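Here is the structure we will look at, set down as C-alpha coordinates.
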Amino acid sequence: MATRSTENPSLASGLNGRNLQAPNQGQKHLPTSSDAFPVAKRKKMGCPKCVLLQQELEMCRQENERLQAGCRWVALGGSSARWDTPWLREAEGFKDQGNAFYVKKDYSEAFNYYTKAIDACPKNASYYGNRAATLMMLCRFREALVDSQRAVRLDDCFMKGHLREGKCHLSLGNAMAASRCFQKVLELEPSNSQAQQEHKNATAVLEYERMAELDFEKRDFRKVVYSMDKALGLASTCHRFKILKAECLALLGRYLEAQSVASDILRMDSTNGDALYVRGLCLYYEDCIDKAVQFFVQALRMAPDHEKSRLACRLNKPDQAIEDCTSAIKLDDTYIKAYLRRAQCYMDIEQYEEAVRDYEKVYQTEKTKEHKHLLKTAQLELKKSKRKDYYKVLGVGKNATEDEIKKAYRKRALMHHPDRHSAATPEVQKEEEKKFKEMGEAFTVLSDPKKKTRYDCGHDLEDDSNNMGDFNANNIFKTFFGGPAGGFSFESNQNQAPGNVFFQFG
(Lines of atoms letter the chains of each structure in order from A and count residues from 1; the text may use other names and numbers.)
(Lines give C-alpha, C1' and ligand atoms only; values in the text may rest on other atoms or scores of the structure.)
Protein backbone atom coordinates (compact mmCIF):
# COMPACT_ATOMS: atom_id res chain seq x y z
CA MET A 1 0.00 0.00 0.00
CA ALA A 2 1.40 3.42 -0.96
CA THR A 3 2.58 5.81 1.74
CA ARG A 4 0.27 8.79 2.21
CA SER A 5 1.37 12.39 1.71
CA THR A 6 2.09 14.42 4.86
CA GLU A 7 0.27 17.42 3.35
CA ASN A 8 -3.06 15.58 3.03
CA PRO A 9 -5.31 13.88 5.52
CA SER A 10 -5.50 10.16 5.98
CA LEU A 11 -8.98 8.95 6.51
CA ALA A 12 -7.24 6.24 8.46
CA SER A 13 -6.73 8.92 11.14
CA GLY A 14 -10.44 9.02 11.78
CA LEU A 15 -13.89 9.69 10.38
CA ASN A 16 -16.52 10.82 12.85
CA GLY A 17 -14.20 9.71 15.63
CA ARG A 18 -13.65 6.14 14.32
CA ASN A 19 -10.32 4.51 13.56
CA LEU A 20 -10.48 3.85 9.84
CA GLN A 21 -8.11 1.37 8.29
CA ALA A 22 -8.22 -0.84 5.22
CA PRO A 23 -9.86 -4.14 6.24
CA ASN A 24 -7.41 -6.95 6.85
CA GLN A 25 -8.05 -10.46 5.77
CA GLY A 26 -10.48 -12.12 8.12
CA GLN A 27 -11.61 -8.80 9.59
CA LYS A 28 -15.34 -8.44 10.19
CA HIS A 29 -17.09 -5.97 7.92
CA LEU A 30 -20.16 -3.86 8.45
CA PRO A 31 -23.49 -5.33 7.33
CA THR A 32 -24.66 -4.77 3.76
CA SER A 33 -27.89 -5.32 1.90
CA SER A 34 -26.98 -9.02 1.55
CA ASP A 35 -27.26 -9.35 5.32
CA ALA A 36 -30.92 -8.41 5.26
CA PHE A 37 -32.27 -11.98 4.88
CA PRO A 38 -33.49 -12.17 8.46
CA VAL A 39 -35.40 -8.96 7.87
CA ALA A 40 -37.03 -10.30 4.70
CA LYS A 41 -37.92 -13.49 6.52
CA ARG A 42 -39.41 -11.56 9.42
CA LYS A 43 -41.24 -9.29 6.96
CA LYS A 44 -43.00 -12.29 5.53
CA MET A 45 -43.87 -13.24 9.09
CA GLY A 46 -45.40 -9.79 9.53
CA CYS A 47 -42.95 -8.47 12.23
CA PRO A 48 -44.01 -4.95 13.30
CA LYS A 49 -40.32 -3.76 13.63
CA CYS A 50 -39.33 -4.43 10.04
CA VAL A 51 -39.37 -0.79 8.95
CA LEU A 52 -37.11 0.32 11.81
CA LEU A 53 -34.60 -2.44 11.10
CA GLN A 54 -34.52 -1.57 7.42
CA GLN A 55 -33.70 2.04 8.28
CA GLU A 56 -30.85 0.95 10.52
CA LEU A 57 -29.46 -1.31 7.83
CA GLU A 58 -29.57 1.52 5.29
CA MET A 59 -27.56 3.74 7.63
CA CYS A 60 -25.00 0.96 8.08
CA ARG A 61 -24.76 0.51 4.31
CA GLN A 62 -24.05 4.26 3.80
CA GLU A 63 -21.42 4.25 6.55
CA ASN A 64 -19.75 1.23 5.03
CA GLU A 65 -19.54 3.03 1.67
CA ARG A 66 -17.83 5.95 3.32
CA LEU A 67 -15.37 3.58 5.01
CA GLN A 68 -14.60 1.87 1.74
CA ALA A 69 -14.09 5.28 0.09
CA GLY A 70 -11.61 6.16 2.82
CA CYS A 71 -9.76 2.89 2.33
CA ARG A 72 -9.58 3.54 -1.44
CA TRP A 73 -8.19 7.06 -0.70
CA VAL A 74 -5.44 5.57 1.47
CA ALA A 75 -4.65 2.85 -1.05
CA LEU A 76 -4.36 5.33 -3.90
CA GLY A 77 -1.80 7.39 -1.99
CA GLY A 78 -3.30 10.56 -0.56
CA SER A 79 -3.58 13.62 -2.79
CA SER A 80 -3.75 11.54 -5.98
CA ALA A 81 -6.82 9.71 -4.71
CA ARG A 82 -10.27 9.71 -6.29
CA TRP A 83 -12.71 11.51 -3.99
CA ASP A 84 -15.71 9.21 -4.04
CA THR A 85 -17.92 11.12 -1.55
CA PRO A 86 -19.38 14.62 -2.02
CA TRP A 87 -18.29 15.96 1.36
CA LEU A 88 -14.66 14.96 0.74
CA ARG A 89 -14.70 16.47 -2.74
CA GLU A 90 -16.23 19.65 -1.30
CA ALA A 91 -13.52 19.96 1.36
CA GLU A 92 -10.78 19.49 -1.21
CA GLY A 93 -12.42 22.08 -3.42
CA PHE A 94 -12.39 24.63 -0.60
CA LYS A 95 -8.71 23.88 -0.01
CA ASP A 96 -7.88 24.42 -3.68
CA GLN A 97 -9.69 27.76 -3.64
CA GLY A 98 -7.81 28.73 -0.51
CA ASN A 99 -4.53 27.85 -2.21
CA ALA A 100 -5.42 30.04 -5.16
CA PHE A 101 -6.12 33.04 -2.95
CA TYR A 102 -2.93 32.37 -0.95
CA VAL A 103 -0.86 32.51 -4.15
CA LYS A 104 -2.52 35.85 -4.96
CA LYS A 105 -1.60 37.04 -1.42
CA ASP A 106 -5.28 37.53 -0.61
CA TYR A 107 -4.77 36.00 2.81
CA SER A 108 -8.15 36.99 4.24
CA GLU A 109 -10.02 35.09 1.52
CA ALA A 110 -7.58 32.20 1.76
CA PHE A 111 -8.32 32.04 5.48
CA ASN A 112 -12.07 31.90 4.79
CA TYR A 113 -11.77 28.98 2.36
CA TYR A 114 -9.38 27.00 4.55
CA THR A 115 -11.88 27.44 7.36
CA LYS A 116 -14.63 26.03 5.12
CA ALA A 117 -12.40 23.07 4.29
CA ILE A 118 -11.83 22.44 8.00
CA ASP A 119 -15.55 22.63 8.69
CA ALA A 120 -16.17 20.03 5.98
CA CYS A 121 -13.34 17.74 7.11
CA PRO A 122 -12.15 18.61 10.65
CA LYS A 123 -9.70 15.70 10.90
CA ASN A 124 -7.40 16.88 8.11
CA ALA A 125 -4.00 17.99 9.38
CA SER A 126 -3.00 19.78 6.17
CA TYR A 127 -6.05 22.06 6.28
CA TYR A 128 -5.04 23.31 9.74
CA GLY A 129 -1.47 23.68 8.50
CA ASN A 130 -2.58 25.76 5.53
CA ARG A 131 -4.76 27.99 7.69
CA ALA A 132 -1.88 28.43 10.15
CA ALA A 133 0.36 29.60 7.29
CA THR A 134 -2.31 32.13 6.28
CA LEU A 135 -2.70 33.43 9.84
CA MET A 136 1.06 33.88 10.07
CA MET A 137 0.99 36.04 6.94
CA LEU A 138 -1.74 38.10 8.65
CA CYS A 139 0.54 38.44 11.74
CA ARG A 140 -2.05 36.61 13.86
CA PHE A 141 0.56 34.37 15.44
CA ARG A 142 -1.38 33.30 18.51
CA GLU A 143 -4.21 31.92 16.36
CA ALA A 144 -1.68 30.41 13.96
CA LEU A 145 -0.03 28.66 16.91
CA VAL A 146 -3.33 27.01 17.87
CA ASP A 147 -3.90 25.72 14.32
CA SER A 148 -0.31 24.43 14.06
CA GLN A 149 -0.71 22.53 17.31
CA ARG A 150 -3.98 20.99 16.09
CA ALA A 151 -2.25 19.89 12.90
CA VAL A 152 0.59 18.06 14.65
CA ARG A 153 -1.84 16.44 17.10
CA LEU A 154 -3.64 14.96 14.11
CA ASP A 155 -0.39 13.94 12.45
CA ASP A 156 2.77 13.84 14.55
CA CYS A 157 4.88 13.35 11.41
CA PHE A 158 3.55 16.52 9.77
CA MET A 159 6.86 18.40 9.38
CA LYS A 160 5.37 21.63 8.11
CA GLY A 161 3.06 21.65 11.11
CA HIS A 162 5.99 21.37 13.55
CA LEU A 163 7.94 23.98 11.61
CA ARG A 164 5.04 26.46 11.69
CA GLU A 165 4.43 25.83 15.37
CA GLY A 166 8.08 26.62 16.06
CA LYS A 167 7.94 29.82 14.02
CA CYS A 168 4.86 30.97 15.95
CA HIS A 169 6.52 30.24 19.28
CA LEU A 170 9.62 32.13 18.20
CA SER A 171 7.73 35.16 16.92
CA LEU A 172 5.84 35.33 20.24
CA GLY A 173 9.10 35.17 22.19
CA ASN A 174 8.95 31.59 23.48
CA ALA A 175 12.33 30.55 22.15
CA MET A 176 12.56 27.43 24.32
CA ALA A 177 9.33 25.96 22.93
CA ALA A 178 10.37 26.99 19.41
CA SER A 179 13.65 25.16 19.81
CA ARG A 180 11.81 21.94 20.73
CA CYS A 181 9.63 22.19 17.61
CA PHE A 182 12.59 22.71 15.29
CA GLN A 183 14.39 19.82 16.95
CA LYS A 184 11.39 17.60 16.19
CA VAL A 185 11.59 18.55 12.51
CA LEU A 186 15.31 17.69 12.47
CA GLU A 187 14.53 14.29 13.98
CA LEU A 188 12.12 13.64 11.11
CA GLU A 189 14.43 15.14 8.47
CA PRO A 190 17.99 15.87 9.70
CA SER A 191 18.93 17.70 6.50
CA ASN A 192 16.06 20.22 6.68
CA SER A 193 17.94 23.50 6.17
CA GLN A 194 15.03 25.70 7.23
CA ALA A 195 14.70 23.93 10.55
CA GLN A 196 18.47 24.16 11.06
CA GLN A 197 18.43 27.93 10.54
CA GLU A 198 15.34 28.48 12.71
CA HIS A 199 16.93 26.42 15.48
CA LYS A 200 19.95 28.74 15.38
CA ASN A 201 17.63 31.75 15.57
CA ALA A 202 15.88 30.34 18.64
CA THR A 203 19.25 29.75 20.31
CA ALA A 204 20.27 33.34 19.54
CA VAL A 205 17.07 34.72 21.08
CA LEU A 206 17.70 32.74 24.26
CA GLU A 207 21.19 34.26 24.45
CA TYR A 208 19.87 37.81 23.95
CA GLU A 209 17.38 37.20 26.77
CA ARG A 210 20.17 36.02 29.06
CA MET A 211 22.34 39.05 28.29
CA ALA A 212 19.44 41.47 28.80
CA GLU A 213 18.64 39.99 32.19
CA LEU A 214 22.24 40.37 33.38
CA ASP A 215 22.54 43.93 32.04
CA PHE A 216 19.25 44.96 33.65
CA GLU A 217 20.54 43.78 37.02
CA LYS A 218 23.65 45.90 36.41
CA ARG A 219 21.35 48.80 35.44
CA ASP A 220 23.10 49.05 32.08
CA PHE A 221 19.89 49.96 30.28
CA ARG A 222 21.54 50.87 26.98
CA LYS A 223 22.83 47.33 26.60
CA VAL A 224 19.39 45.95 27.47
CA VAL A 225 17.84 48.04 24.69
CA TYR A 226 20.48 46.73 22.28
CA SER A 227 19.79 43.09 23.21
CA MET A 228 16.04 43.56 22.91
CA ASP A 229 16.39 45.17 19.49
CA LYS A 230 18.36 42.14 18.35
CA ALA A 231 15.84 39.73 19.87
CA LEU A 232 12.90 41.57 18.30
CA GLY A 233 14.56 41.19 14.92
CA LEU A 234 13.87 37.45 15.31
CA ALA A 235 10.78 37.59 17.54
CA SER A 236 8.96 40.57 16.07
CA THR A 237 5.65 40.26 17.93
CA CYS A 238 6.93 39.48 21.43
CA HIS A 239 5.24 41.91 23.81
CA ARG A 240 7.55 40.90 26.63
CA PHE A 241 10.65 42.04 24.73
CA LYS A 242 8.95 45.27 23.67
CA ILE A 243 7.93 46.07 27.26
CA LEU A 244 11.44 45.50 28.60
CA LYS A 245 12.83 47.75 25.88
CA ALA A 246 10.24 50.45 26.64
CA GLU A 247 10.94 50.34 30.38
CA CYS A 248 14.67 50.77 29.78
CA LEU A 249 14.00 53.64 27.36
CA ALA A 250 12.00 55.35 30.10
CA LEU A 251 14.80 54.80 32.62
CA LEU A 252 17.21 56.33 30.10
CA GLY A 253 15.01 59.42 29.83
CA ARG A 254 13.87 58.61 26.27
CA TYR A 255 10.22 59.07 27.21
CA LEU A 256 8.72 59.64 23.76
CA GLU A 257 10.22 56.41 22.42
CA ALA A 258 9.09 54.48 25.48
CA GLN A 259 5.55 55.85 25.27
CA SER A 260 5.39 55.01 21.57
CA VAL A 261 6.24 51.36 22.21
CA ALA A 262 3.79 51.10 25.11
CA SER A 263 1.01 52.78 23.14
CA ASP A 264 1.47 50.38 20.22
CA ILE A 265 0.96 47.45 22.57
CA LEU A 266 -2.07 49.04 24.24
CA ARG A 267 -3.71 49.55 20.85
CA MET A 268 -3.56 45.78 20.36
CA ASP A 269 -4.23 44.87 24.00
CA SER A 270 -5.73 47.61 26.16
CA THR A 271 -5.53 45.39 29.26
CA ASN A 272 -1.76 44.85 29.14
CA GLY A 273 -0.62 45.70 32.68
CA ASP A 274 3.07 45.97 31.71
CA ALA A 275 2.34 48.55 29.00
CA LEU A 276 0.15 50.56 31.40
CA TYR A 277 3.00 50.52 33.91
CA VAL A 278 5.47 51.88 31.33
CA ARG A 279 3.07 54.69 30.42
CA GLY A 280 2.84 55.60 34.09
CA LEU A 281 6.61 55.43 34.50
CA CYS A 282 7.12 57.92 31.65
CA LEU A 283 4.56 60.31 33.14
CA TYR A 284 6.19 60.07 36.55
CA TYR A 285 9.60 61.04 35.21
CA GLU A 286 7.94 63.93 33.37
CA ASP A 287 6.59 65.15 36.75
CA CYS A 288 2.95 64.28 35.94
CA ILE A 289 2.59 62.42 39.22
CA ASP A 290 -1.21 62.32 39.42
CA LYS A 291 -1.59 60.97 35.87
CA ALA A 292 1.21 58.49 36.47
CA VAL A 293 -0.52 57.07 39.54
CA GLN A 294 -3.73 56.66 37.52
CA PHE A 295 -1.89 54.40 35.08
CA PHE A 296 -0.32 52.41 37.91
CA VAL A 297 -3.73 51.89 39.50
CA GLN A 298 -5.20 50.84 36.15
CA ALA A 299 -2.35 48.36 35.68
CA LEU A 300 -3.19 46.83 39.05
CA ARG A 301 -6.83 46.49 38.03
CA MET A 302 -5.75 44.53 34.94
CA ALA A 303 -3.06 42.54 36.81
CA PRO A 304 -3.59 42.62 40.61
CA ASP A 305 -0.22 40.92 41.24
CA HIS A 306 1.79 43.46 39.19
CA GLU A 307 4.52 44.15 41.72
CA LYS A 308 6.13 47.14 39.99
CA SER A 309 2.81 48.97 39.73
CA ARG A 310 2.03 48.23 43.36
CA LEU A 311 5.32 49.78 44.45
CA ALA A 312 4.95 52.70 42.05
CA CYS A 313 1.57 53.60 43.56
CA ARG A 314 3.49 54.71 46.62
CA LEU A 315 5.07 57.52 44.60
CA ASN A 316 2.24 59.86 45.54
CA LYS A 317 3.26 59.33 49.17
CA PRO A 318 6.58 61.24 49.35
CA ASP A 319 7.66 60.01 52.77
CA GLN A 320 7.35 56.36 51.74
CA ALA A 321 9.01 57.04 48.39
CA ILE A 322 11.93 58.80 50.10
CA GLU A 323 12.32 55.83 52.42
CA ASP A 324 12.34 53.40 49.46
CA CYS A 325 14.93 55.47 47.60
CA THR A 326 17.13 55.73 50.66
CA SER A 327 17.06 51.94 51.03
CA ALA A 328 17.99 51.53 47.38
CA ILE A 329 20.90 53.99 47.73
CA LYS A 330 22.22 52.06 50.74
CA LEU A 331 22.41 48.97 48.54
CA ASP A 332 23.99 50.88 45.64
CA ASP A 333 25.32 54.39 46.26
CA THR A 334 25.79 54.90 42.50
CA TYR A 335 22.09 54.35 41.71
CA ILE A 336 21.42 57.67 39.93
CA LYS A 337 17.69 57.08 39.41
CA ALA A 338 17.18 56.65 43.14
CA TYR A 339 18.89 60.00 43.84
CA LEU A 340 16.79 61.69 41.18
CA ARG A 341 13.55 60.21 42.49
CA ARG A 342 14.37 61.14 46.09
CA ALA A 343 15.36 64.67 45.07
CA GLN A 344 12.03 65.11 43.29
CA CYS A 345 10.19 63.95 46.39
CA TYR A 346 12.12 66.48 48.47
CA MET A 347 11.11 69.17 45.98
CA ASP A 348 7.46 68.11 46.26
CA ILE A 349 7.47 68.55 50.05
CA GLU A 350 9.58 71.74 49.83
CA GLN A 351 12.66 70.31 51.53
CA TYR A 352 14.93 72.18 49.16
CA GLU A 353 18.22 71.77 50.99
CA GLU A 354 17.92 67.97 50.80
CA ALA A 355 16.90 68.21 47.13
CA VAL A 356 19.95 70.36 46.32
CA ARG A 357 22.22 67.85 48.06
CA ASP A 358 20.86 64.94 45.97
CA TYR A 359 20.98 66.87 42.70
CA GLU A 360 24.59 67.89 43.42
CA LYS A 361 25.46 64.21 43.86
CA VAL A 362 23.79 63.39 40.55
CA TYR A 363 25.51 66.23 38.68
CA GLN A 364 28.91 65.25 40.03
CA THR A 365 28.34 61.74 38.70
CA GLU A 366 26.76 62.61 35.34
CA LYS A 367 27.37 66.16 34.13
CA THR A 368 24.48 66.41 31.68
CA LYS A 369 22.46 69.49 30.74
CA GLU A 370 19.35 67.96 32.23
CA HIS A 371 21.01 67.32 35.59
CA LYS A 372 22.48 70.83 35.62
CA HIS A 373 19.03 72.30 35.00
CA LEU A 374 17.52 70.26 37.84
CA LEU A 375 20.27 71.41 40.20
CA LYS A 376 19.81 75.11 39.30
CA THR A 377 16.04 74.83 39.76
CA ALA A 378 16.48 73.33 43.22
CA GLN A 379 19.02 75.99 44.18
CA LEU A 380 16.65 78.74 43.06
CA GLU A 381 13.78 77.27 45.06
CA LEU A 382 16.06 77.03 48.09
CA LYS A 383 16.98 80.71 47.73
CA LYS A 384 13.33 81.71 47.37
CA SER A 385 12.37 79.67 50.41
CA LYS A 386 14.70 81.73 52.61
CA ARG A 387 12.96 85.04 51.93
CA LYS A 388 9.47 86.21 52.75
CA ASP A 389 6.75 84.33 50.95
CA TYR A 390 4.46 87.15 49.89
CA TYR A 391 1.87 84.71 48.61
CA LYS A 392 1.59 83.14 52.06
CA VAL A 393 1.50 86.58 53.68
CA LEU A 394 -1.62 87.43 51.69
CA GLY A 395 -2.99 83.90 51.85
CA VAL A 396 -3.22 83.36 48.09
CA GLY A 397 -1.83 80.81 45.67
CA LYS A 398 1.09 81.45 43.34
CA ASN A 399 -1.27 81.58 40.39
CA ALA A 400 -3.59 84.14 42.01
CA THR A 401 -5.13 86.76 39.73
CA GLU A 402 -4.89 90.52 40.23
CA ASP A 403 -8.42 90.67 41.65
CA GLU A 404 -7.71 87.82 44.05
CA ILE A 405 -4.60 89.63 45.30
CA LYS A 406 -6.58 92.86 45.87
CA LYS A 407 -9.36 91.07 47.74
CA ALA A 408 -6.86 89.26 49.93
CA TYR A 409 -5.05 92.52 50.77
CA ARG A 410 -8.32 94.34 51.57
CA LYS A 411 -9.41 91.61 53.97
CA ARG A 412 -6.11 91.18 55.80
CA ALA A 413 -5.11 94.84 55.89
CA LEU A 414 -8.36 95.69 57.67
CA MET A 415 -7.86 92.77 60.01
CA HIS A 416 -4.34 93.79 61.07
CA HIS A 417 -4.60 97.63 60.93
CA PRO A 418 -2.99 99.11 64.11
CA ASP A 419 -6.01 101.32 64.85
CA ARG A 420 -8.17 98.27 65.20
CA HIS A 421 -5.97 97.01 68.01
CA SER A 422 -5.42 100.31 69.85
CA ALA A 423 -6.96 98.90 73.03
CA ALA A 424 -4.88 95.72 72.95
CA THR A 425 -1.76 95.00 74.99
CA PRO A 426 1.55 96.48 73.74
CA GLU A 427 2.71 93.03 72.70
CA VAL A 428 -0.37 92.43 70.56
CA GLN A 429 -0.16 95.92 69.08
CA LYS A 430 3.46 95.33 68.08
CA GLU A 431 2.65 91.98 66.46
CA GLU A 432 -0.33 93.35 64.53
CA GLU A 433 1.69 96.34 63.33
CA LYS A 434 4.34 93.95 62.01
CA LYS A 435 1.73 91.92 60.15
CA PHE A 436 0.14 95.09 58.75
CA LYS A 437 3.49 96.19 57.38
CA GLU A 438 4.06 92.75 55.80
CA MET A 439 0.67 93.02 54.12
CA GLY A 440 1.62 96.31 52.53
CA GLU A 441 5.00 95.00 51.45
CA ALA A 442 3.47 91.89 49.88
CA PHE A 443 0.78 93.90 48.09
CA THR A 444 3.34 96.37 46.76
CA VAL A 445 5.27 93.56 45.06
CA LEU A 446 2.45 91.31 43.86
CA SER A 447 0.27 94.11 42.52
CA ASP A 448 3.10 95.42 40.34
CA PRO A 449 3.57 93.14 37.27
CA LYS A 450 7.28 93.91 36.89
CA LYS A 451 8.10 93.42 40.56
CA LYS A 452 5.97 90.29 40.68
CA THR A 453 7.84 88.80 37.71
CA ARG A 454 11.21 89.52 39.27
CA TYR A 455 10.03 88.10 42.57
CA ASP A 456 8.74 84.92 40.93
CA CYS A 457 12.08 84.50 39.15
CA GLY A 458 13.92 84.59 42.47
CA HIS A 459 15.54 88.05 42.19
CA ASP A 460 16.27 89.99 45.38
CA LEU A 461 14.06 93.07 45.18
CA GLU A 462 16.02 94.72 47.97
CA ASP A 463 18.97 94.95 45.58
CA ASP A 464 16.79 96.65 42.99
CA SER A 465 16.93 100.42 42.44
CA ASN A 466 13.35 100.51 43.58
CA ASN A 467 14.21 98.98 46.92
CA MET A 468 11.59 98.05 49.45
CA GLY A 469 13.12 99.94 52.34
CA ASP A 470 11.33 103.26 51.77
CA PHE A 471 7.77 102.10 51.41
CA ASN A 472 5.12 103.18 53.93
CA ALA A 473 2.39 100.67 54.80
CA ASN A 474 -0.02 103.43 55.86
CA ASN A 475 0.37 105.26 52.56
CA ILE A 476 -0.35 102.07 50.67
CA PHE A 477 -3.41 101.50 52.81
CA LYS A 478 -4.73 105.04 52.24
CA THR A 479 -4.07 104.85 48.52
CA PHE A 480 -5.87 101.54 48.26
CA PHE A 481 -8.99 102.64 50.20
CA GLY A 482 -8.99 106.29 49.04
CA GLY A 483 -9.37 109.58 51.00
CA PRO A 484 -6.95 111.31 53.36
CA ALA A 485 -7.84 108.91 56.16
CA GLY A 486 -8.52 105.95 54.01
CA GLY A 487 -12.25 106.81 53.67
CA PHE A 488 -13.19 105.19 56.98
CA SER A 489 -12.39 105.33 60.71
CA PHE A 490 -11.84 102.78 63.42
CA GLU A 491 -13.85 103.41 66.61
CA SER A 492 -13.73 101.40 69.80
CA ASN A 493 -15.26 101.56 73.24
CA GLN A 494 -12.76 101.60 76.05
CA ASN A 495 -15.13 99.37 78.03
CA GLN A 496 -15.10 96.73 75.27
CA ALA A 497 -12.62 93.96 75.07
CA PRO A 498 -9.57 94.57 72.85
CA GLY A 499 -10.28 94.09 69.19
CA ASN A 500 -14.05 94.61 69.46
CA VAL A 501 -14.30 97.44 66.94
CA PHE A 502 -16.45 98.42 64.03
CA PHE A 503 -15.66 100.13 60.75
CA GLN A 504 -17.32 103.37 59.72
CA PHE A 505 -16.81 104.03 56.01
CA GLY A 506 -16.99 107.59 54.72
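Using N, Cα and C of the backbone, Cβ positions are placed for all residues, glycine too.
Database features (TrEMBL):
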type	residues	note
DOMAIN	389-459	domain 'J'
REGION	1-34	region 'Disordered'
REPEAT	91-124	repeat 'TPR'
REPEAT	159-192	repeat 'TPR'
REPEAT	273-306	repeat 'TPR'
REPEAT	336-369	repeat 'TPR'
Close approaches to the repeat 'TPR' (273-306) from elsewhere in its chain (Cβ under 8 angstroms; 6 or more beyond its ends): 239-240, 243, 246-247, 250-251, 253, 255, 258-259, 261-263, 265-266, 312-313, 315-316, 344, 348
Overall pLDDT for the repeat 'TPR' (336-369), taken as the rounded mean: 90
The DSSP breakdown of the repeat 'TPR' (91-124) into helix, strand and coil residues is 27 helix, 0 strand, 7 coil
Count up the helix, strand and coil residues in the repeat 'TPR' (336-369) according to DSSP, in that order. 28 helix, 0 strand, 6 coil
